[in-house]
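First up is the structure itself, then whatever we jot down about it.
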Amino acid sequence: MLDKPFLCLLCILFLSKLVLSQSPTQTQASQNIPNTSPNVNLNQLALNVNTSDLNSLLDPRIYSLLIKNKTYPNTHCMYISTPRPEDNITVNGQSIHWECPAGYFCLGPNNTNIINNNSTNSNTSSMVKCPPGFFCPENSAQPIYCCEGYYCSRDAKNITMCPADYVCSIGTVDPVFCDRLAICPPGSSKANKFLVFVLVFFIAIVIIVLFQIKKKRDQLKNVKYDRLLTEQKLRLERTLDPVKKTFDIEFENLGLVLPSGIEIMKGVSGKLTHGRACAIMGPSGAGKTTFVSLLTGKAKRTSGAVKINGVPDSLEKYRKLIGFVPQEDVMLRELTVRDILVHSALMRLPSDMDRKLKKQKVIEVIEFLELSHVMESIIGNEEQRGVSGGQRKRVNIGMELVAEPSVLFLDEPTSGLDSATALEVCNLLKKIAHSQGMTVAAVIHSPSPQAFNTFDDFLLLGKGGRIVYFGPTNKAMDYFESLGYRCPEDESPADFMMEVAAGKVKPVDKEDITVLDLFEAWEKYRESGKASFNNTKIGIPGDESESASRNCFKAFWVEFCLPFFHVIQDVAEYISDVTIELFLFLQRSLCFCQRDPIRETPNVVIAFLLLFKRACLQLYRNRTQFLLDQLLHLGCGIFISLAVSNLDYIGKAPDQICQITPYVLMPICFRAKDSIQNVGVFMALGVTFAGISAGGSTFGYEKVVYWRDTSAGMRTVPYFLAKLVADIPRLLIAALMFTLAFIIFYSFKARIWQIYIIILLTYVAAWAMGYFISAVASKEKLSLVGTGFALGWGMVLSGATPKLEDVESGGTFTYIGWLWDVSAPRWAVEALYLKELEPRLWDEIKKEPLAHTYSFNDYPQCLWNILLIAFGWAVLAFFAMKLTNRDKHK
């Protein structure tokens, strides 16, 4: 995720560099023509001037003394006049002057006639019609751009001050109407658009009012839950109804051997009984989490069998009846305790269960977990204070309890808690198992003696994933004492047995006992019911006579062949997993009547509505955060607007003028001053930065929540669509904020709504790019990847540098030219360029092909292309979420 201050700072630095690199405008160069002094006698130049030869008169040394700047209609607006009689310009004793009608410019007189002092005949042989956008009053030697603050007639004869409520930039033919957000007094060359800030303030007020209305509605809704909670408190005891289906889970010789040949679990046998809580302990590397994964089907075992209620079966197909509480408190921290529990109940309880009963179930769990006093409190995080750590752990457990599971697994539920709170959690687990008849198993790390004694059963694993002890908790110390181990009085029995399993403690008078001996002792105890060590020392089998060639072959296999084998095996398992899931999805989609035999949860439509409601609560509950997010887009728009404030399009000079321009300046003269493409690049880059930043936060910060929900049976399709639809208001307002800020300093010619549509569609594409990035990149790398994407797609692939002409010509870009075709900023730049040039009346725009390979006919296709590209990014984001991290979806 891009940090917002960093994003804005990056925009400032980048844009400032580009703005400072802009060259002086053609406007200034064309208007700064030096005045000649009156009463100039060209005979004094000692030049061989043939007054009947136009080429001679156009000699720069002579021509600069013939023409003269004159002001009209005021001192701020000038035109270039032909020599006039009153200027007293003479050559060889003859006065040089010539007339030119309005709407034309005349570079010189007829090359065979010189108009004498007494002559009034106009010579039109060198007249050129003045093009639109220029001003040519009577006796113009050269055309000038129509002055700022004025507009000129299409025939270039007349110039008029820009009226009130209109703006006239340089070269204006038709005054541009000031929008209602701008103030434009007569003679305006730029609109004062600071009323935009008034509109932004008004929008902020409206948003605040809407948030306040929503808050009032939530308070009214809370009254209903308070009433239900009061009814629940009338009961004498906080209890939950017993589970409808109980599970007794038997496992025999569970084992897991990695493809490398390493055995990380072996011979694990036992039984988890309903109505009892089992503590699973062991030193690091003992395979505690692996045991739970093998039992639930999250990892495939290589040996062993599982029975459910005495029947060979797999827990994997019962995942809707299995609750798993992760070690971390995985939940949306922006929501309240009630929001989280209600959503979990509505999503996971049977679809045929009445909605009121589901909410009643939530109230029962809240009261059972003693969370009623914090029911309306947000969970909170490191930045925003919420419930305490112990309360958060209870909510973590409650998310599973409201789903009425038959089996509850927990991964270190007491980690990070003080001893008192940990004891409360362990007592709660015992209460859940006993009152509901649920099968409870928890991986526990270093419990206090009181917390340890709350569990009914105890499974102790040693390194290598083998059982050291599995049985009633109150008989565990008796078992180890029978093997000769003595627990010091000042040490916790749980910690002591952990040290035994790690091989750090030896039995009395048996210093040669190893961990392997403990495994064998347990196997013997299971078979005979008597605990003892074997008389012979157990060692690791090996073949000392193994040949050197065989050792060499083993080393070669492990070093070179095994990695390729692992890759092939992983790919095959991945394809098989995806294929099976796709087949089941199509089967359920086509056969609407088919019901889940285990538990029929809400269908796709209902799930979408529930997930959409949760997403809206998550996004639009925090008024301050929402407004700060919009401030990001407003700030980026202002920076972009400042950067493009002096960029414009000014038509090229007539060819007749460029033909007499010094050779080194001809390339500049024959080209229009076209900066509109740069405006588009700035706009697209700013929108891409802001859009990726905002879109990346949609999924990037809640991946673990998504993984937890999918492992409990949630479908990805309704989740993805719900988050996408919930983002629409956020996206619309973000595009509006950027547009309003963008037009503050930029003198645009297109309509505001046209600019908004282009920016909105670009935002949609950037938002979808953010979705994809957040799906494939980790949260820590989101900022870096997002920055690279924005620079790559928003600048390099925008069509400005490298130029589209070069890309389409092939050569270096032959095999990568398609990248520009799938770049949304490239089409956004063209769309803005076309709408900005459309109202301008310069001759080359109407009569010649547009620059950069653009065409006015392509505008609708530009918008469609942006939409299609956005859809493509969204599809990629969906499949990236669905097909990556498959192990975490189980």
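Note: Cβ is positioned from N, Cα and C throughout, glycine not excepted.
Curation does not apply to TrEMBL; its annotations are automatic.
TrEMBL lists 249-489 with the feature domain 'ABC transporter'.
Positions annotated as signal peptide by TrEMBL: 1-21.
According to TrEMBL, the transmembrane segment annotation covers 194-213 (among others). Same-chain residues lying 6 or more positions outside the transmembrane segment (194-213) and placing a CB less than 8 Å from one of its CB atoms are 180-183, 620, 623, 626-627, 630, 634, 733, 736-737, 740-741, 743-744.
If you look up TrEMBL, you'll see 679-701 (among others) marked as transmembrane segment. Within the same chain, residues 1-2, 4, 7, 10-11, 14-15, 18, 629, 632-633, 636-637, 639-640, 643-644, 647, 723-724, 727, 730-731, 734, 738, 742, 746, 758-759, 762-771, 773-775, 777, 779, 782, 786-787, 789-791, 793-795, 798, 800, 824-825, 828-833, 836, 877, 881 sit at least 6 positions outside the transmembrane segment (679-701) and bring their C-beta atoms closer than 8 Å to a C-beta of that stretch.
Summarising the annotation, TrEMBL assigns transmembrane segment to 728-748 (among others).
Annotation comment: TrEMBL describes 755-777 (among others) as transmembrane segment.
Among the features that TrEMBL reports, transmembrane segment is placed at 863-881 (among others). If one looks beyond the transmembrane segment (863-881) by at least 6 residues along the same chain, the residues whose Cβ comes under 8 Å of a Cβ in the stretch are 699, 706, 716-717, 720, 724, 757-758, 761-762, 764-765, 767-769, 771-772, 774-776, 821-824, 827-828, 831.
Only residues 6 or more beyond the boundaries of the transmembrane segment (728-748), in the same chain, are considered here, and those with a CB under 8 A from a CB of the stretch are 167, 169, 181, 190-191, 193-194, 196, 199-200, 203, 207, 619-620, 626, 629-630, 633-638, 640-642, 644-645, 647-648, 679, 683, 686-687, 690-691, 694, 755-756, 759-760, 763-764, 767, 836.
Residues of the same chain lying 6 or more positions beyond the ends of the transmembrane segment (755-777) and with a Cβ under 8 Å from any Cβ of it are 1, 683-684, 687-700, 703, 724, 727, 731-732, 734-736, 738-739, 742-743, 748, 785-786, 789-790, 793, 824-825, 828, 831-832, 835, 863, 866-867, 869-874, 876-877, 880-881, 884. Averaged over the domain 'ABC transporter' (249-489), the predicted model has a pLDDT of 88.
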